[in-house]
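S.K.: Here you go, one structure.
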Amino acid sequence: MNKFEQLGLNESLLLAIKDLGFENPSEVQEKAIPLLLEKDTDIVALAQTGTGKTAAFGFPLIQKIDAENRDTQALILSPTRELCLQITNEIKLYSKYIKGLNTVAIYGGASITEQANQIRRGAQIIVATPGRMQDMINRNMVNIKNINYCVLDEADEMLNMGFYEDITAILSDTPKEKSTWLFSATMPQEVARIAKEFMRKPLEITVGHKNSGNENVSHEFYLVSARDRYAALKRLADANPDIFSVVFCRTKRDTQAVAEKLIEDGYSAAALHGDLSQAQRDGVMKSFRGRQIQMLVATDVAARGIDVDDVTHVINYQLPDEVETYTHRSGRTGRAGKSGTSLVIITKSELRKITQIERIIKMKFEEKPIPSGIEICQIQLFHLANRIKDVEVDHEIDAYLPAIEEVLKDIPKEELIKKMVSVEFNRFINYYKKSRDLASDGGTRRESGTIPTDGAVRFFINIGSRDNFDWMTLKDFLKETLDLGRDDVFKVDVKEGFSFFNTDASLAPKVMDVLNAFSLQGRKINVEISKNEGGSNSRRRDHNGRGGDKRSGGGFRGDRNSRDDRNSRDDRRSGGNDRKPRRDSKFEGRKSGDNERRGRRNEGDSSNFFEKAKRSRRS
Ligand code: ADP
Ligand code: MG
């Protein structure tokens, strides 16, 4: 008898489990499945991400559903549409040998009538996001008045995203006599509140420590100055040639900008955030799962709960606002018993957050220096050499060999190796030859007195009237990008190719951090403390004495809603259908042809560099 059989699961599930290749139940499955099969009870199960919670509720749920009866018997609520689709998929796999069992996904951003039709055809299990579910209840498109089971998956995140009201409204539409199963990675107060208000004597299962970090994940941070954030990201990627990672940014805007920059620089990257259409998001996820994308740049909300195995690195391009969110981020790696690394790119002003996180995850961070250009080139070189050694030769190539040999016949072997390696490798040499190594003491530069700590600070920024800004639109842009109040940006002075503005000194680190990581229509924004004094105190007025908020025509208009996924969650009530992405996401990968082109373009004498690299390796 295998372990799953011992838990009491029936034949059709066991067959499906075999197909899935699960050999042993995970801890949460071992604890939850027998309990849930045995009796109808409420349950609160706390377990880290990646511990197999979907099957922990999915298996017993499927076994308890009456597939002959076409009424809706179970509702699973989950925070995002990605997760909703993921759970639906899993449930379908688990129940593939059970005839007549239908599972339907309900989520925003897709046709509500189509979803209603699917439900009308009979759906014993509905997997839904709260917003869309509420919508369908209001329109009488679903009937959950007779369900027997309600699962709240990722309850902490649903509440985090402000779904409390939706959840309580939905629950009040379900019968009193039912079982509620709550699954969560953490147990903040709001989750406890839901448990208290809507559940009857729930049994509690805890796997591992509450709120603890995943044991398989190691945590590292890299201290840089704000303006080096992107360069640091690039180096971390280059120092890990087989990287398969999720890169977290704080805002949708940064997410888009960083992804675009990576693509421009030849990486197979893509953005995932709430401004993309459903189809775009699905496309991105498909490419990521299929490994055509190596670096998925995402907002917290968009990436929450996404289950992609074998993610090697989570990169915190910026730390989240809430330190608790860090646990969710790092849980994207180190799944299913594999090890993973969570990297944090950080400036000195954020250092104290590391201590806070350490307290939550009960693990220590290791501080590491950003790899030097030489180190990276060595890593890449050996990686390349190994790839050449291991590559399987496709004998289709044989037909072309005579022609190739003809071209290369006069080059000695030694030289030929050098040339072959250079095809791929020159782009690294050329980049790192030119770029200075990043100081790991980044933040100290700021402390050494370049940013005053009180009074007003005057900034220089490399955008101006040529970019269609006037003082009002620039001020609006700064306020929106920096998330500042009406009077926080003042003395805005727009010149043709650049501009000046003031903020209070306390805002200066944020101004430098946020704006220097920002690209405007593909151009990297550069902000510096202006040597040009001008920080006098008239905060109320911009020049010309105009203080109003009226915009003049033209100029860049920020999208107020784009700062935070929460403002434009995919499935808020209505409107989800017609949201247009602001920009098309491009996600061409890093094709080998790209490298070649780059290599050729940058061809040059690399012998110096190899010499240097050799010397440094010896020492
Ligand atoms: P959670 O919801 O706890 O974050 P998931 O349910 O998404 O975790 O499962 C994480 C991954 O582990 C999935 O790829 C899933 O298919 C896999 N998995 C779940 N249970 C098992 C098991 N018993 N054996 C092997 N892999 C499993
Ligand atoms: Mg889950």
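Positions of Cβ are set from backbone N, Cα and C atoms, glycine also.
Note that this is a predicted model, so its numbers are computed, not measured.
Pulled the feature table from TrEMBL, pasting it below:
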- 544-604: compositional bias 'Basic and acidic residues' (COMPBIAS)
- 2-30: domain 'DEAD-box RNA helicase Q' (DOMAIN)
- 34-205: domain 'Helicase ATP-binding' (DOMAIN)
- 235-376: domain 'Helicase C-terminal' (DOMAIN)
- 529-619: region 'Disordered' (REGION)
- 2-30: motif 'Q motif' (MOTIF)
S.K.: The domain 'Helicase ATP-binding' (34-205): mean pLDDT?
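M.R.: Averaging the confidence scores along the domain 'Helicase ATP-binding' (34-205) gives 93.
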S.K.: If we skip the immediate neighbours and take only residues 6+ beyond the ends of the motif 'Q motif' (2-30), which ones have a Cβ under 8 Å from one of its Cβ atoms?
M.R.: 37-38, 45, 47, 51-53, 55-56, 59, 62-63, 93-98, 205, 207-208
S.K.: I'd like the per-state residue tally for the motif 'Q motif' (2-30) from DSSP, helix first, then strand, then coil.
M.R.: 18 helix, 0 strand, 11 coil
